[in-house]
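Notes follow the structure.
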Amino acid sequence: MNRDVVFLKAGGSFITFKDKPVSVNYEALKALAEALRATHKEVSIVLGNGGGSFAHHAVLKHGLENPVKLMVKCQQATRLLNRLIVDYLLLNDIPVTSLQTSAVIGYGKGSLRAFTPPLVNLVGNGVIPVLHGECILTENGSVEIFSTEKVFEVVANILKPSRILLLTDVEGVYTCDPKKCSTPELIKRIDSSNLNAVLESLKSDVSRDATGGMYSKIMSMSELSRKTGAKVIVTSGFNHENVVNAIRGVTPERSTVIEMLEER
C-alpha cells in the first residue's frame, strides 16, 4: 500500500447521545462526513464506530439474560447504528461500506482469529470499510463485548496503521471528567513516563461504560502503540481543522497523544 493507513474511530460519545438510548448525533455525522471528504483521497482509512447509546443500552437491558439473547440483541443494535452511519456517509458521496466485525473476527480452536482479505481488498481499492464494536460469541458460549479499540488491535496485525485517531465529544483525555469536575486539565501526552498515573486517575471511569470507558481505551491504545509504533491521537470530532490535520499526520494543539515509541 503506497498511502498511509489511518485507523479512525468515531466514538460513541461523539456519534450518539449516550444518555439517550438509540439516539444519533447528526451534527457529529455531518462533521465526520466533511472530514472524510477532505482527506479520503490522500490516505487509506479504516473507519470504526463505537456503540454509544445503541450498544450500551442493549448491554444494560439484556446483560443479565442468557448469552445468546444478549449477543443477538447487542448485534442488532450495533448493526443498526453502523448502517445509519454508512448510509449517511454514502449520501454524502463518501466511498464507504459496512463490514460486520463478527464476520471477520471470531474465536476458533481456542484463540481469536481474523479473516481479513475482504478488509485488505477494500482498503487497497480506495473503499473505506466501516467496522464497529460488537458482542461476539466465544467457543464456550459466553459473550465478549468487543470494543472498536480491540477491533483495531486485531486488524493492525495485517493493516499496519501509521496513526490512529479516536474522535470524542471532548478535546482529549483529561485529569478528571470535564463534564463533571470543576478543574479538568487536558493531558497533552501519554507515554511510559505517565501512563500508570493517568490510568490510576481514570479507574473510576471503568464501570460506567460497557467497554470500560476511557481507562480501557488508553490501556488498549497504549499497547497498540507499543506494538506498532503508531501515534494515537484523541481529539474532538467536532473540530474540523483538528480532525483533518490529524488524519494528514499533523498533531492538533488541542488533543492527547498516546505514544510508546521508546519501548518498541
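Note: Cβ is positioned from N, Cα and C throughout, glycine not excepted.
TrEMBL names G51, H56 as substrate ligands; from the candidate set T97, T116, T138, T148, the record adds T148 to that same site. K217 (ATP binding site) sits 16 Å from H56 (substrate binding site), taking the CA atoms of both as reference points.
Recorded residues H56 (substrate binding site) and G11 (ATP binding site) have their alpha carbons 12 Å apart, per Cα-Cα distance. Ranked by CA distance from K179 (ATP binding site), the recorded positions K18, G51, T148 have K18 at the top as the closest.
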